[in-house]
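Here's what TrEMBL has on this protein:
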type	residues	note
DOMAIN	135-281	domain 'Fido'
ACT_SITE	218	active site
BINDING	222, 223, 224, 225, 226, 227, 228, 229	ATP binding site
């Protein structure tokens with residue numbers, strides 16, 4: 001068993017190859033310094049008692065939050081997963097309104113670029129949860145494949161075969177951080193998985209360290225941060241901290257992204273406490289924000305009961321329930337989610353429009369779309385709170 005050690009660096013000669021580096025401006029030769037991550041499979045995770053106590057308290061809150069929603073899982077599990085996806089994307093400066101994201105998810109819908117990427121991140125989160133029973137290299141590749149499905153140049157679901165770096169411009173020479181050489185990536189991931197599968201490490205500190213190690217390895221040409229935070233969700237489920245819902249940890253990290261990035265850098269220098277602290281604090285913030293969102297959505301849905309006049313056995317009620325997790329709808333979505341024939345969709349959407357619950361977004365007879373302003377406002381409020389410091 002070993003203590004956490006700082007990463008080391010190699011000296012590697014950079015020589016541009018191929019058309020990608022053919023222009024005179026990019027023909028820069030020299031030495032760059034890719035990282036060599038310390039092995040953590042047998043890491044003895046030494047943390048101050050106060051950091052361990054904070055992590056235990058946060059873990060208990062995560063478990064409690066998951067249990068609170070156990071009886072009404074259907075709408076809130078989907079909403080919280082999508083909220084985590086949006087927050088994780090926002091850490092990468094990919095932002096879109098709740099309406100734009102919901103429109104991008106519609107069957108046959110047209111998506112703006114950022115919204116499309118956030119929807120892809122939702123797919124990665126869904127893959128993470130679905131594969132949480134066995135968190136291994138194949139599961140990580142599946143998360144990345146879902147995330148980057150529309151980005152073939154970033155080889156979805158494959159470890160990189162070229163250098164990656166942060167800062168430094170068009171070459172890794174002088175970069176702030178250069179990921180390990182591609183030859184080291186598979187072995188480093190195996191080492192990470194061995195650590196993550198251990199049962200003798202407190203769960204939340206283990207998850208925080210696994211995430212930081214993943215970001216150090218930087219195994220993909222793009223999407224490392226989002227895949228790494230999807231891995232967090234898989235591990236939360238795998239370790240039993242969550243069983244039914246997604247705790248939007250990224251929404252907590254958004255409150256102070258500078259501290260999050262500093263903690264990742266400090267981890268590379270051999271100190272694990274800061275990233276564990278950030279995860280504990282982010283979890284508490286995320287749960288408070290998630291509780292507020294759930295409360296807002298409950299209040300909205302209950303208020304609709306007073307204005308919906310449909311018969312108790314009408315599918316109008318099912319559509320109202322659907323709106324809590326899919327606040328922008330069209331006929332194709334009702335068919336997909338509820339089995340309602342597309343030609344009959346107006347029979348269930350019109351009463352909700354007349355009650356002021358829905359607003360039709362489109363004006364013509366074709367490709368009609370409706371939205372719930374109240375639910376969208378609640379989702380935007382969640383995102384606004386997530387990005388607010390203090």
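Including glycine, each Cβ sits where the backbone N, Cα and C put it.
Neighbour counts were taken at the CB atom with a 10 A radius for the binding-site residues 224, 227; the maximum falls on 227. Cβ atoms within 8 Å of the centroid of the Cβ atoms of 222, 223, 224, 225, 226, 227, 228, 229 (the ATP site) belong to the same-chain residues 92, 144, 147, 220, 230, site residues excluded. Geometry remark: residue 226 (ATP binding site) versus the residue listed as 'active site', CA distance 11 Å. Residue 229 (ATP binding site) falls within a helix when secondary structure is assigned with DSSP.
The CA atom of the residue listed as 'active site' is located 6 Å away from the CA atom of residue 224 (ATP binding site). Secondary structure counts, DSSP: the domain 'Fido' (135-281) has 88 helix, 4 strand, 55 coil. Around residue 228 (ATP binding site), a 10 Å sphere centred on its CB holds 24 further CB atoms from the protein chains shown. Model confidence over the domain 'Fido' (135-281) stands at 97, taken as the mean pLDDT rounded to a whole number.
In this structure, 218 is the one among the recorded positions 218, 226 with the smallest number of other Cβ atoms inside 10 Å of its Cβ. Residue 229 (ATP binding site): 27 other CB atoms within 10 A of its CB, across all protein chains. Long-range Cβ proximity for residue 225 (ATP binding site), meaning a same-chain Cβ under 8 A and a gap of 6 or more residues, is found for 88, 91, 92, 215.
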